[in-house]
Amino acid sequence: MFLSNVTVFMPPVLTLIGIPGLESVQCWIGIPFCVMYIMAMIGNSLLLFIIKSEPSLHEPMYILIGMLGVTDIALASSIMPKMLGIFWFCVSEIYFDSCLLQMWLIHTFQCTESGILLAMALDRYVAICYPLRHATIFTHKLVVQLGTVVILRAAILVAPCLILIKYRLQFYHTTIISHTYCEHMAIVKLAAGNTRVNKIYGLFVAFTVTGFDLTFITFSYSQIFVTVFHLPQKEARLKAFNTCIAHIFVFLQLYLLAFFSFFTHRFGSHIPTYIHILFSSMYLLVPPFLNPLVYGIKTKQIRTNVVKMCCLSNSP
């Protein structure tokens with residue numbers, strides 16, 4: 001990124017250039033991204049409709065899956081309209097405050113998604129390790145409380161990132177962001193002043209959320225595996241393990257993409273910029289696209305209701 005000696009005071013408008021080095025083919029790159037976005041909207045909406053309309057799915061595990069679906073829709077919708085505007089219509093300008101709002105929404109939904117995966121892991125831990133107490137521990141009231149805490153934690157932790165940029169960084173070397181969306185470090189790197197506090201707080205949020213959630217998710221599934229392998233019957237082991245496969249897959253694909261994006265952005269100076277930008281964009285879009293497919297295929301109750309709905313729609 002080119003940095004000039006002239007600084008700009010509180011620029012009213014920033015420019016998102018999309019994927020540096022691939023500007024000439026961005027219109028084609030937008031096609032698979034748009035397809036994934038449409039499929040994510042359809043898949044998650046269908047998932048939410050099935051969970052809402054089927055009384056047998058009004059249980060903690062499926063309510064949490066529904067929360068994840070809502071988060072996925074919100075996360076994808078916070079980046080894709082602007083991204084496709086850049087790719088297809090060259091609408092690259094964005095108001096500074098709108099950019100900060102997009103940044104806050106993206107990182108808030110990311111933290112929320114991580115918190116929901118933690119709640120899912122705890123739900124499976126109690127259901128498999130303490131099955132007789134699951135109904136009394138994981139009540140609908142507790143699920144609502146967990147959801148509220150997860151959302152508030154995300155919103156409160158991310159908010160200072162926005163405030164530190166808005167009121168601490170007032171001079172900028174450039175107004176051009178080499179990215180497809182407004183990301184915290186991408187904005188901070190534009191600043192002409194001392195950005196150490198912003199970088200430290202960004203790392204604090206990342207490691208606090210990821211470290212806390214990852215520790216308890218890993219603990220929960222490790223205890224689940226120990227319990228499952230000690231079950232006397234093979235059928236019982238397979239049944240218990242199958243209830244966790246979808247959650248484990250979603251957990252792995254989210255965190256593997258997240259770690260790759262995080263470390264390449266901060267330490268991968270030898271990696272071409274367009275590779276990082278592509279993976280950063282995929283990191284936000286692939287989970288909303290894959291999650292409804294994973295839960296639709298691997299969760300028997302949801303799969304059965306999808307088949308039932310298709311049969312009813314095809315019947316005369």
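The backbone N, Cα and C atoms fix where each Cβ goes, glycine too.
So that you can see what the record holds, here are the features copied from TrEMBL:
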TRANSMEM  28-50  transmembrane segment
DOMAIN    43-295  domain 'G-protein coupled receptors family 1 profile'
TRANSMEM  62-80  transmembrane segment
TRANSMEM  142-165  transmembrane segment
TRANSMEM  200-219  transmembrane segment
TRANSMEM  240-262  transmembrane segment
TRANSMEM  274-295  transmembrane segment
Overall pLDDT for the domain 'G-protein coupled receptors family 1 profile' (43-295), taken as the rounded mean = 89
Query = In the same chain, which residue numbers or ranges, 6 or more beyond the ends of the transmembrane segment (274-295), come under 8 angstroms Cβ to Cβ?
reply = 18-22, 29, 33, 36-37, 39-40, 43-44, 46-47, 65, 68-69, 72-73, 75-76, 79-80, 83, 106, 110, 113, 178-181, 183, 246, 249-250, 253-254, 257-258, 260-261, 264-265, 268, 302
